[in-house]
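One structure below.
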Amino acid sequence: MTDRVQAGGLQVAKVLFDFVEKEALPGTDLDSEAFWAGAASVIADLAPKNKALLAVRDEIQGKVDAWHGEHAGAEYDRAAYKAFLKEIGYLLDEPADFQIHTSGVDTEITTTAGPQLVVPVLNARFAINASNARWGSLYDALYGTDAIPETDGAEKGTSYNKVRGDKVIAFARDFLDEALPLSSGSHVGTTGYVVDAASLTVTLADGSTVGLKDPSQLLGYQGTPDAPTAILFVHNGLHFEIQIDPESPIGKTDGAGVKDVLLESAVTTIMDFEDSVAAVDADDKVLGYRNWLGLMKGDLTEEVSKGGKTFTRAMNKDRTYTSVDGSELTLHGRSLLFVRNVGHLMTSDAILDADGNEVPEGILDALFTSLAGLHSLTPDNVLSNSRTGSLYIVKPKMHGPDEVAFTAELFGRVEQVLGLPTNTLKVGIMDEERRTTVNLKACIQAASERVVFINTGFLDRTGDEIHTSMEAGPVVRKGAMKGEKWIAAYEDFNVDTGLAAGLQGKAQIGKGMWAMPDLMHDMLEQKIGHPKAGANTAWVPSPTAATLHALHYHKVDVFARQHEIAKAKRATVDEILEIPLAPSTDWTDEEKQNELDNNSQSILGYVVRWIDHGVGCSKVPDINDIALMEDRATLRISSQFIANWLRHGIVTEEQVRESLKRMAPVVDRQNASDPTYKPLAPDFDTNIAFQAASDLIFQGTSQPNGYTEPILHRRRREYKAVNA
C-alpha cells in the first residue's frame, strides 16, 4: 500500500511529496501550497482532455481496422484508402506555408550540427557520463573499439599495443589533414605545434614550418604559446583540441608529442524518462526526478568502483583557454540536456486526483521535470544547462496536431504554475507515429513558438506502421522493412517538411539510433548517411559512439547540405501511405521459423531484464549473439510483427509458443554470467517475464496502437509485489 499525503486536494505518494518539499522546491521562489494548488488545477483541467485524445486514437484505429477488414490484401485501392483517411480525420488538409518563430534557443540546437546521446535518467552513472560526453578522446574511441581492425598485429590486448596505437595516430593525422588542412604539407609526421603571434606554426617532417590553410580555425590554447598543452580549433561549427604532452606514454611515441585529439562529441543529450527506462511507480519516478534535479543543479554525483578503486564521478566544469587575442575563452564543458517526458498514454499512481483516479503520467512529468529545471535557470548556477533561459522537453508518441496542441497547452499551464515566462518550455516533437508523419506540417505549426526539434524514430514508427494496418494483411519480413517505399519517404519527408517550416538555424532536424554499440567500424561507414540526409543531429548509444559519429559532421557540412535539399521536395504523402504488405506469402517453413525465432528471442531477451531487473535499455544479444541496443521501441516492432503474422495465419499459436519456449534457454545462456539473473526456463507457467513476453504477442492486436507499456507496467508491478 502506497503511503500518501494530501496536498492541494491531491493524494500524493509520500516519496514524491517528500522529494518535492525537501529537494525540488528549496532554492526556488515557489510556495509549497501554491505549487500543489497549481498542480491540482492543471490536473483537473487537462486530465479529461488527455483522456479524450486517447479515445480519439481508439476510435480512429477501430475505423481503420474495419476498412481493412473490407479491403484486405496487397492490391487495395490506394485512392479509396486515402479518401477514407481524409473522411475519418486521420489525414488532414495541409496548412498554408509558415515559418516557426521559436526564440531563446541555445546554439547547440540552432547552429551546431553534431551527435545526440540518449540515456536512461534512472541510471545516475550513465547520466553523468552522458553529460560529460560533450568532449571525447578520439584516441580512446579508436583504440578501444573495432573502428581500428585487430589485424596485422593490431590487437587490443591487455596492455598498450604500439602497433595498434600507431594505427590510431595515423587515423587521427588523416582526420587533421581533412578537418584542419595546412597551407602546405600534411599533419602526418609533424614534429611540433606552437602558437606564434596568434597563428599556428607547424613543423613538418622535413623541418620546414607552415601555418593553417584557414588561419581562422585557430581559436585558442592552454599552456604557453611556445609550449601549449592543448590547441583549440573549430571546423564545421564543432571544436576540437590537439593535446600535447611529450612526457606522456602516447606523446613519447609521437614526433610532435601529441597525446590525443579531443573532439566535441555529444553536443546535446536526451535524458530519458520514456522508452529506455522501467518506471512503474512513485519510487521509480522519484529516482528519475532526483537524478534530473541533480543534473539541473549541477551537483549530481555517483560513487564508481573501477579496478579495485572507488572514486566520485561528477559533472565536468566548463573548458577555458587563452584565445588568440589574449583574452579568456570559455566553452561549455557539458552536453546541452533535453529531458524526454513520457507520452499521453499511461497514468501513474504517484498521484491520485480528487476522485481517486490515477493521473496522466505525461502531466506529472511536465510538472516535475520543469520544477527541477528551475534550478538550472538560477544566475548563480555555474554548471547551468541553458544559457538562454530555456528548458528543453522531448515529447514522444503524439498522434497528430491536436495532441501536439495539447502538449503546448500543458506546457503553458506548467509555466503559469512555476512563474516562468511564456514559451520557456521548448518541445522536441518525435515524428514516430504514422498520424503525426502524414500531418507533420500541422504538428509543427501547433507548436510553432516552442518547437526545437523534430526527429524521426523509425523503430517506433515501424511498430505503428504494423499496428495501424494490422487488418490489411501480413507485412514483409522485419529485415525487409527498411527497404520498403514508405520508410525512405518518411525519412525524407521529415527533413523536407522541417526545412520548409524554417527549422534551419532555429531547431534540430534529427535522425534515429545506431543500435549496434559494439559495431563502430560499421557505424563509421554507414551513419554518415544521416548528416548527408540533412539531419543536423542523430542518435548514438554511448559517449564513444558520439565521438566517432562526430567525425561525420566534419566530413559533411550539414547546413550546406540542407540548402541543397530545400531546393526540391523529395517525398510525398502518397508514398508514406504505402502499406508494407508482403506481395507474396510463399515463405519456406525455414524462413518463417527463422523469423519467428529471431523475434521471440529479441522479445524475451529484452523483457526479462525489464520485468526482473527494472532495466529499460540495455545491450541484448540477438540470436547470433550480436549485441543490440534494445528499448521499448524495438520491443514494439518485434511483438507487433509476430502478432501480425499470427493474425493472418502465417504462423500458428502453437508455433509461437514453441518458439518462445525454445528461445528461453538461449536467453538464459546469454545471461548466465549475471548472478542476479533468474532463468526463464523451465517454469514457463509461473515466470512473470515469460508471461509478459507471451502477452505482448498474443494480446498484440488489442494493445492501444501496439504499445508495450500497459503490459510491461502491469507485469513489472506484479513482479515487484511478489518479490517485495
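Note: Cβ is positioned from N, Cα and C throughout, glycine not excepted.
Annotated glyoxylate binding in Swiss-Prot involves Arg340, Gly457, Phe458, Leu459, Asp460 plus, out of the candidates Glu432, Glu433, Glu484, Glu491, the residue Glu432. Of all Cα pairs drawn from Arg340, Glu432, Gly457, Phe458, Leu459, Asp460, which the record names as binding glyoxylate, the longest spans 17 Å.
Each residue contributes its Cα atom, and for Asp631 (active site, proton donor) and Asp460 (glyoxylate binding site) those atoms are 10 Å apart. For Asp631 (active site, proton donor), the count of additional Cβ atoms within 10 Å of its Cβ stands at 26 [all protein chains shown].
Comparing the recorded positions Leu459, Cys617 by how many other C-beta atoms lie within 10 angstroms of each C-beta, the top residue is Cys617. Arg340 (active site, proton acceptor) falls within a strand when secondary structure is assigned with DSSP. Around Glu432 (glyoxylate binding site), a 10 Å sphere centred on its CB holds 27 further CB atoms from the protein chains shown.
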